Amino acid sequence: MSRISVIGAGAWGTALTVSLARRTEHQLTLWAHTADHAKELFVSGENKRYLPGFVLPATVNVTADLAAAVEGAEIILFATPSQSLRPVIQQIAPSLKKAQVLLSAAKGIEEKTFLRMSQVLCEFAPENPIAVLGGPSFAQEVAAAMPTALTVAIDNEPLSKRLQDDLGSASLRVYRNDDVPGVELGGALKNVIALAAGVVTGLELGHNAAAALITRGIAEITRLAVACGGRRDTMSGLSGVGDLVLTCTGNLSRNRTVGIELGRGRKLEAILASLNGKVAEGVRSTTAALGLAARYGVEMPITEQMNAILLDHTSPQEAIRELMSRPGRTE
Ligand SMILES: NC(=O)C1=CN([C@@H]2O[C@H](COP(=O)(O)OP(=O)(O)OC[C@H]3O[C@@H](n4cnc5c(N)ncnc54)[C@H](OP(=O)(O)O)[C@@H]3O)[C@@H](O)[C@H]2O)C=CC1
Ligand SMILES: O=C(CO)COP(=O)(O)O
């Protein structure tokens, strides 16, 4: 049995809570960003805004009080959008106990600092164990108990085994890894490539183009992850190729959806407005990924073109022409 607090009641935090509740021995708390949302979750027993159609078990303690949510928790699972993690951990940090395990399930890179989420957590809680969760996992399918495999990464074997055991269930198989930067960057950077895969689909460029994009996408993700201390083999695992393929091809992906609409010629602002508060992490992680790439001297042509499209510096058609006319090179 573990006392687990999930911080963030978007689709992912809610799905993970529903999944964890299948292990009836856990004591679970779900923190929602606003009091209104916490009340709505409590009264209806369902997350109508972000994950409709699934029952949030009555045994889950729902709150909008951050201090109360983390008090006594053995594992604090962060499922807020990446750009919101800093104010949240900043608020929690003074009351943290050193033994509390911090587990980040967010997939993004912080704007301006170019930090990974585990690095943001470490800035405020340097003495706490910090783990990350990755792998191909649409919230709706996890909530529906459809078979899913995830990767938990932490450089501490006993804790890694504990997290593997605590998170797993009959429908959720959890693998262990000690490559924190690799797992994190796989999750964050695939969102950028998923935007680009959406653009290819929106432009109706065909299956060859999509396959080329995914393959060259993993090549550039791997270059940056390795430069940042990640391992090449992690990038061929669940949190690398696995999540990339899911997000570049799956209709449930918000990032891919945004890309499709950009490819069809819609403006970013209008597309984001129609997401109704749902996050497409790639939109804000693309520039950060490029900043990180510049810091390490890594070439990321797809990310570069995606950034130019997002900033409206180029059209989707022109970006594809740029990628196709790059100087010849070996694979
Ligand atoms: N959805 C998925 O399938 C998966 C998502 N992830 C990752 O999980 C993270 C969360 O995404 P997801 O659950 O999908 O989010 P959603 O798009 O479902 O919802 C966004 C959430 O962010 C909250 N929010 C908005 N502003 C703030 C803020 N300033 N502080 C704290 N919370 C805020 C919203 O709360 P409110 O409306 O009350 O303001 C809402 O709960 C992302 O990094 C995503 O990449 C990872 C794997 C799968
Ligand atoms: O990370 C995800 C699946 O693993 C969810 O992807 P989107 O954020 O693009 O919906």
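Placement of Cβ uses the backbone N, Cα and C atoms for every residue, glycine included.
Where the annotation comes from TrEMBL, it is an automatic prediction and has not been curated.
In the three-state DSSP scheme, Lys190 (active site, proton acceptor) is classed as helix. Note on Lys190 (active site, proton acceptor): other Cβ atoms within 10 Å of its Cβ, all shown chains, come to 33. Feature annotation from TrEMBL assigns active site, proton acceptor to Lys190.
Over all protein chains present, the Cβ of Ala139 (NAD(+) binding site) has 22 other Cβ atoms lying within 10 Å. As annotated by TrEMBL, NAD(+) binding site applies to Gly8, Ala9, Gly10, Ala11, Trp12, Gly13, Ala139, Arg254, Lys278.
Annotated NADPH binding site per TrEMBL: Trp12, His33, Tyr50, Lys107, Ala139, Arg254, Val279, Glu281, in sequence order. Lys107 (NADPH binding site) falls outside any helix or strand according to DSSP and counts as coil. Using a 10 Å radius centred on the Cβ of Lys107 (NADPH binding site) and all shown protein chains, the other Cβ atoms total 29.
Packing around Ser137 (sn-glycerol 3-phosphate binding site) is summarised by its Cβ count: 27 other Cβ atoms lie within 10 angstroms of its Cβ, all protein chains included. Under the heading sn-glycerol 3-phosphate binding site, TrEMBL lists Lys107, Gly135, Ser137, Lys190, Asp243, Ser253, Arg254, Asn255.
Marked as substrate binding site by TrEMBL: Lys107, Arg254, Asn255.
Residues or ranges marked as domain 'Glycerol-3-phosphate dehydrogenase NAD-dependent N-terminal' in TrEMBL: 4-157.
Under the heading domain 'Glycerol-3-phosphate dehydrogenase NAD-dependent C-terminal', TrEMBL lists 179-320. On the 0 to 100 pLDDT scale, the domain 'Glycerol-3-phosphate dehydrogenase NAD-dependent C-terminal' (179-320) averages 98 in the predicted structure.
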Substrate site, defined by Lys107, Arg254, Asn255: further same-chain residues with Cβ within 8 Å of the Cβ centre: Asn191, Ala194, Thr247, Ser253, Arg256, Val279, Ala280, Glu281, Gly282
Close binding-site residues near Ser253 (sn-glycerol 3-phosphate binding site), where close means Cα within 10 Å, chosen from Gly8, His33, Lys278: none
Densest Cβ neighbourhood among His33, Lys278 (binding-site residues), 10 Å radius: His33
Rounded Cα separation (Å) that holds between Lys107 (NADPH binding site) and Gly8 (NAD(+) binding site): 13
Contacting binding-site residues, sequence order - Gly10, Asp243, Asn255 vs ligand 2, Cβ under 6 Å: Asp243, Asn255
In the chain carrying Glu281 (NADPH binding site), residues 6 or more apart in sequence that have Cβ under 8 angstroms from it: Pro81, Ser82, Ala106, Lys107, Gly108, Ala188, Asn191, Asn255
Of His33, Tyr50, Ser137, Arg254, Val279, i.e. the binding-site residues, those within 10 Å of Trp12 (NAD(+) binding site) when Cα atoms are compared: Tyr50, Ser137
